[in-house]
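Peer 1: What TrEMBL shows for this protein is this:
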{"type": "TRANSMEM", "residues": "12-29", "note": "transmembrane segment"}
{"type": "TRANSMEM", "residues": "41-59", "note": "transmembrane segment"}
{"type": "TRANSMEM", "residues": "71-95", "note": "transmembrane segment"}
{"type": "TRANSMEM", "residues": "107-128", "note": "transmembrane segment"}
{"type": "TRANSMEM", "residues": "149-182", "note": "transmembrane segment"}
Amino acid sequence: MNKSRLEAYTDAIIAIIITLMVLNIQPPNNAIYFHQLGQSAHQFFIYTCSFLLLSMYWNNHHHLLQPVKQINGTVLWMNNLFIFTMTLIPFATHWLTNHLDNLDPELLYGTVVLAGDSAYALLTWALLKANPGKMYHQAMQSQIHKLYLSLTFNVLGLLSAFIKPVLTLLISGGVVILLWFIPDRSMEKLTKQKNINHQ
């Protein structure tokens with residue numbers, strides 16, 4: 001499979017995941033006025049966190065693959081593992097919207113985010129192994145540092161659930177989203193440099 005097919009495959013699945021997730025948002029029973037929708041405010045907040053999380057994954061996945069030349073079997077399987085973890089987000093989101101600030105739903109949500117970040121890390125390392133060029137490895141250094149920081153926050157978010165469950169959503173979701181919201185531009189610069197060299 002070439003890079004463009006891998007990207008298209010991943011893009012399509014992320015779009016389906018987001019569609020399934022929004023279908024789980026239900027308006028309050030017998031709500032006929034806008035102010036009654038306030039009862040569902042927490043649902044919109046959790047959905048927004050999950051939407052931003054998926055958008056962040058998609059955005060960084062795109063930047064990660066931009067300068068890549070080689071896609072091997074290991075990369076394909078790590079990408080599939082990454083996709084699998086993302087498919088769990090709608091389920092974890094739906095359970096959390098119905099039981100906000102309860103320990104088990106918060107732990108599941110935090111675990112799914114940790115699994116997603118771990119799978120993304122494995123995909124990153126698989127791409128590094130498949131593309132041994134020095135320039136690619138140098139461009140990946142800031143990405144790797146962010147991965148370690150992100151995984152640290154994931155673990156802290158899970159542990160914080162035993163203090164106050166909602167902290168898991170705020171740390172594992174909110175902080176990690178803020179950390180990755182602006183993608184690593186070093187990959188983009190490397191791609192532009194390669195394009196200039198080939199002209």
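Here, residue 1 is simply the first one shown, and the rest follow in order.
Placed from the backbone N, Cα and C atoms, the Cβ positions cover glycine too.
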Peer 1: Most CB pairs under 8 Å with the transmembrane segment (149-182): which of 12-29, 41-59, 107-128?
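Peer 2: The listed stretch sharing the most Cβ pairs with the transmembrane segment (149-182) is 107-128.
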Peer 1: Counting only residues 6 or more past its boundaries, what in the same chain has a CB within less than 8 Å of a CB in the transmembrane segment (12-29)?
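Peer 2: Residues 36-37, 39-40, 43-44, 47, 50-51, 54, 57-58, 83, 86-87, 89-90, 93-94, 97.
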